[in-house]
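In what follows, a single structure is set out as structure tokens and then discussed.
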């Protein structure tokens, strides 16, 4: 692999047309279907375990939330949470292991055979998962049958594979510097739009149509996303026969950034480790937080949980990321990365100690910048990677994301299941510790860059930035 400093921007960005903006519509639709299906399957699993325990429906919020912790009702709640969390952990294990391999391969493949193929594969996995879930709900199968669609979705790359392809697509169409940063942030904001809409509507779908029709709605949106790909232009111009390169070479292309001796290797390693520590809490909290809010002392309904998820998404992914362009005028990417990590620590500290609804709804305000680490790290890594290696780099980073998602989801569910009877906020506190370790690594990264005095020199020209890479 040639030195990155010698071949940064080896290929010019493509001209963006109106049809390319279709990608952002697809991202929003795909994330809507993904998040909505996750909310439905998690709450359905909780309902299915209740059904097996002959618990019919939920008691009123007042009686449930004032129940004595020594009563059989409270103890049964904890047992149902523990069992559902355990199932959730197994599901993420089933999907994350195959996803780890596929995201590396598909990321590198897309550099050779095109980005559209890399977008199609995860959509097909989502369609299968929603279809299987719908059948399972209708026939009232045991929830452990749902491990099958988890595994198939993992083979297809899951949502992280789709995001990897979308980021590579964006890298093909943007220049390095502020333009690239804003392009990546725009992807994250579009993800936020899909997540927010899914959180708001999923609760109402479950309440007024039931689990089956909620899943059918997710399936319909996934199929629509697949149809839209027909109209999306390809950004990889010269396609090569992907069989001309061995599968082992595809793996090597994605990991060379971390093992190939060069002046940028330490940057890749520290940034990737920080990225991993930022992903684990973000992915791990998604399901655990639902259990956290379904039971005492909150006992929230699916609608209220949906609104909280929407508030969190609007704060972090729309308002928070929407401020990036403004903050970029007075803050560097490294400063925003540092501030975002501090914001995440505040979020989990408040959530782990919350005792009422007001404190819970304040967490999105505290965590308004908590989503900054992911796009900032992606942008920093993209800036030191040649354009014709963007797919391999994002593929490797997505594999790290898959691994971190696996660890975060499994550990979160197991920790929550085992500690819920002791103190329900332990899992959230551990997430805060992950971000604190990431903060330490980021500090090392910034300090070492300044110490070496060989940081790329920035020259602002209008709204773009020219990066002079200093050969070491």
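All positions are counted from 1 along the displayed chain.
Using the three backbone atoms N, Cα and C, a Cβ is placed for every residue, glycine included.
TrEMBL: automatically predicted annotations, no manual curation.
Per TrEMBL, the listed range annotated as transmembrane segment is 21-40 (candidates: 1-20, 21-40). In TrEMBL, the annotation transmembrane segment applies to 211-232, one of the ranges 57-78, 211-232. When Cβ-Cβ distances under 8 Å to the transmembrane segment (117-137) are tallied for each of 211-232, 266-284, 304-324, the top count falls to 211-232.
The transmembrane segment (21-40) and the transmembrane segment (266-284) are not in contact, since fewer than 3 Cβ pairs between them lie under 8 Å (pairs 6 or more apart in sequence).
Mean model confidence for the domain 'Major facilitator superfamily (MFS) profile' (21-450) is a pLDDT of 86. Tertiary neighbourhood of the transmembrane segment (304-324): same-chain residues 39, 181-182, 185, 188-189, 191-193, 195-204, 290, 293-294, 336, 360-361, 363-365, 367-372, 375, selected by CB-CB distance under 8 Å and a gap of 6+ residues from either end. Recorded stretches compared: 89-110, 181-205, 211-232, 266-284; the one with the most Cβ pairs under 8 Å to the transmembrane segment (143-169) is 89-110. Counting only same-chain residues 6+ beyond the ends of the transmembrane segment (89-110), those with a CB under 8 A from a CB of the stretch are 117-118, 121, 144, 146-147, 150-151, 153-158, 160-161, 164-165, 168, 236, 242, 247, 250-251, 253-255, 391-396, 398-399, 401-403, 405-406, 409-410, 413-414, 417.
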